[in-house]
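This report refers to the structure that appears directly beneath it.
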Amino acid sequence: RDSQQADTQHLSRWKKWKRTSSKSLKKALSEVKGLSSYLVLWRHDIHSIEGKFGTGIQSYFSFLRFLVLLNFIMFILMFSFVTLPTIISKYGIFNSTTSAKNTGDICTIYEPGGNKGLVYFYTYLKDLLSGTGFLEVTSLFYGYYSIDAVWISIRRYNLPLAYLLTTFAYLALSFLWMIKRSVEGFKHNLVHDADPFQSYCNKVFAGWDFCITDPNAARLKHRSLQYELQTDLQEEKLKQKIAERKMAEKLRIYSLRIFINIIVIAILSGCFYSIYRVTVFSQEHSNVSIRNDSRTDLVNLLVQYLPSMVITLANFIGPLIFSFLIRFEDYTPAFEIKLTLLRCVFVRLANIGVLLFSLWSQISNCGSDKCKPCGYNYKLYPCWESDVGQEMYKLMIFDFIVILAVALFVDFPRKLLVAHCSCKLIQWFGHKEFEISDNVLEIIYGQTICWIGTFFSPLLPAIATIKYFIIFYVKKIVLIHTRKPAARPVRASSSNFFFLVVLLIGLLLAFVPLGVSMARIPSSKACGPFRNFNTSWEVVPDTILQFPTGLQQVLFGMASEAFAVPFFVV
C-alpha cells in the first residue's frame, strides 16, 4: 500500500482521477450487488428450509423459484408481442386488417359457445374449469387472435409472424436459460465426482461462511453442513457395501432388476392405452349435451375432464408403484432418485404425448371424406387449436386442484391423526418424508404442459406463474408442519443438475407436438392468425419472399437440410 501511494504521487492528475474513480466504481458495484441479494425472491424462506431440511429439499424450492421467473418472462413475451397488439387494435386505438381466404363457407364457420342472456353461477364455474363458454372468446385462447396485421402509423405489424416468432423466442429462452444453469450444476458434479476426499476437505476446512454474524444464520449453516457430511458418509458406506458383494448376490440383484423393469414397462403400456381410449371417448361424447338440464351439464363437464382425471390417476399411481419397487433394486440414494424420476418422467410426459396423439387422430380423422375441403375434421373441430388449448388448460387447472386437495385432505389430516392417536398402525403410516422426486415431477409435468399449451393458449404462462407462486407456499407449509427430515439426505449440487436435465427432456419433448402442429396439421380456416395459410409455418417463407432476392437465397440456403441438420447437431 505504501509503495502504491508513493507511486501515486508521481502520477498526473488525469491518471490519479482515473484510478480513484475506478476504485469508487468497484466499491459502488460491490455494494449494489450486496443489496440486490436482498431482492431475490423467497431468499429468507429458502435459507430457512436449507437449514432445517438440508440442501436437497432446498434445491427443490430454488427450482420452483426458477420456474416462477421463467413463466413470468414467457408471459411478458406473449403479452407484449401478441396479446397487447391484438387487444389495442380491437379497441380501435390502432388500425388493423382482417382477411379470410375463400375456401368455401363451410370451413370458415366458427361459433364459440359464449354465454348470452341470464347465466347461472354453475355455468360460469363449469366454463372456468373447462375453458369453454365465456372463456373461449377471450384472449386466453388461440381463436381470439384473428387479426392479420396491425398498422402503427404507416408501419405494418405482422401478427401471424409475431405469433410464430414469439413462440420460438420463449422456447429458445427456456432452452438457453436451462443450459446455462445445467452447466453450473455440471461443474459442481465434475468437481465432486473427481475426488471425494477433496470434496470432504472443502467442507471441513472451507465450508464455513465467516461473514455470518447472526446466531440463527449460523445455526442454519451448521445444519446445512451437517446434512452434506451425512450424505457423503451414507454414500461411502453404500459404495463399500456394493464393493463387498459376492457373485451370487450380484446375480440375484441383476435378475430382480430385470424382472422389476418388465413390470415397469407393463405399467407404462397400460397407462398409455387407457389414456388413448379415454381421450377418444371424451372427444366423441363431450359435445353431446342437453344445455337446459343442469345434470347433463355436470355429466358433460365430467366427460370433458375424463382424460385429465385418468392422466392424473396414472401420474399418482405410477410413482407410488415405482417408489415401492425401487427399494428392492438396492441402489444408492442419489441414483434411486434419478431412476425413479426417469421412470416417472416417462409416465407423465408420455401421457401428455399420448393425449395429443389421440387428439390429432380425431382432428385428422378423414374417413368418409370428413376433411374435405378444409384438410381436417372441421365439423367436430372448427377451431382445433382452441380445442387443444382447452385440453392443456384443463390439465393445468386439474393438476393445481389435485396438489391443493392432497395438501388439505391428505397431508394435514394425516398429521392430526399422528399427533392425537397413539395407534401403532397410524403411527407407522403417519409421518412422511418430503419425496423430492415426486414433487419435482409435479412441477416438470406442469411446465411441459405450459410449453406445449402456450402456442394454443397464449396467456397460459400467466396461469402457470400464479400456480407455482401459490404452490411454493403450499409446499412450504406442508413441509414444515407435516413432514420429517429425510433419513437419507440428498446432495443439492447433483439434485439441481439432474432436475434441470429432466426439465430439459420435458422441453425437448415439447418441441415434437409443437413442430407437428406448426408444420404438418393444416391450420384452422375459421379462426386464429394463420387461417390464411395452409400451416402455421407457411408464414415464414411467405415473409421471406418479400425480401430482396440476394437475402432470399441466403435465408433459403440456411433453411435447407444441408445447412440446418449439421447446424442443429452442433
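Using the three backbone atoms N, Cα and C, a Cβ is placed for every residue, glycine included.
What TrEMBL records for 383-493 is domain 'TMC'. As a summary of secondary structure, the domain 'TMC' (383-493) carries 86 helix, 4 strand, 21 coil according to DSSP.
Sequence-distant contacts of the transmembrane segment (66-88) (same chain, at least 6 residues past either end, Cβ-Cβ under 8 Å): 41, 94, 139, 144-145, 147, 150, 157, 159, 162-163, 165-166, 169-170, 173-174, 177, 181, 443, 447, 450, 454, 458-459, 461-462, 464-465, 468-469, 472. Summarising the annotation, TrEMBL assigns transmembrane segment to 66-88 (among others).
Long-range contacts of the transmembrane segment (161-179) within the same chain, counting only residues at least 6 positions beyond its ends with a Cβ under 8 Å from a Cβ of the stretch, are 70, 73-74, 77-78, 81-82, 85, 145, 451, 454-455, 458, 461, 500, 503-504, 507, 510-511, 514, 518, 529-530, 536-537, 539-540, 543. Under the heading transmembrane segment, TrEMBL lists 161-179 (among others).
Taken from TrEMBL, the feature transmembrane segment applies to 254-276 (among others).
Using a Cβ-Cβ cut-off under 8 Å and counting only residues 6 or more beyond its ends in the same chain, the transmembrane segment (305-328) has close neighbours at 129-130, 256, 260, 263-264, 267-268, 271, 274-275, 278-279, 281-282, 336, 339-340, 343-344, 347-348, 351-352, 355, 358, 391, 394-395, 398-399, 402, 435, 437-438, 441, 445. According to TrEMBL, the transmembrane segment annotation covers 305-328 (among others).
The feature transmembrane segment is assigned by TrEMBL to 340-360 (among others).
For 392-410 (among others), the entry in TrEMBL reads transmembrane segment. Beyond the transmembrane segment (392-410), the same-chain residues lying 6 or more positions past its ends with a Cβ under 8 Å from any Cβ of the stretch are 129-131, 140-141, 304-305, 307-309, 311-312, 316, 352, 355, 442, 445-446, 449-450, 452-453, 456-457, 460, 463-464, 467, 470-471, 474-475, 477-478.
Sequence annotations record features per position, and here TrEMBL assigns transmembrane segment to 449-474 (among others).
Proximity of distant same-chain residues to the transmembrane segment (494-516), defined by a Cβ-Cβ separation under 8 Å and at least 6 residues beyond the stretch ends, is recorded for 55-56, 59-60, 62-63, 167, 171, 174-175, 178-179, 181-182, 185-186, 188-189, 192, 334, 337-338, 341-342, 345, 349, 352-353, 356, 360, 436, 440-441, 444-445, 447-448, 451-452, 455. Annotation comment: TrEMBL describes 494-516 (among others) as transmembrane segment.
In the predicted model, the domain 'TMC' (383-493) shows an average pLDDT of 82.
Tertiary proximity for the transmembrane segment (254-276) is limited to same-chain residues at least six positions away from its ends with a CB under 8 Å from its CB atoms, namely 307, 310-311, 314, 318, 321-322, 325, 328-329, 343, 346-347, 350-351, 354-355, 357-358.
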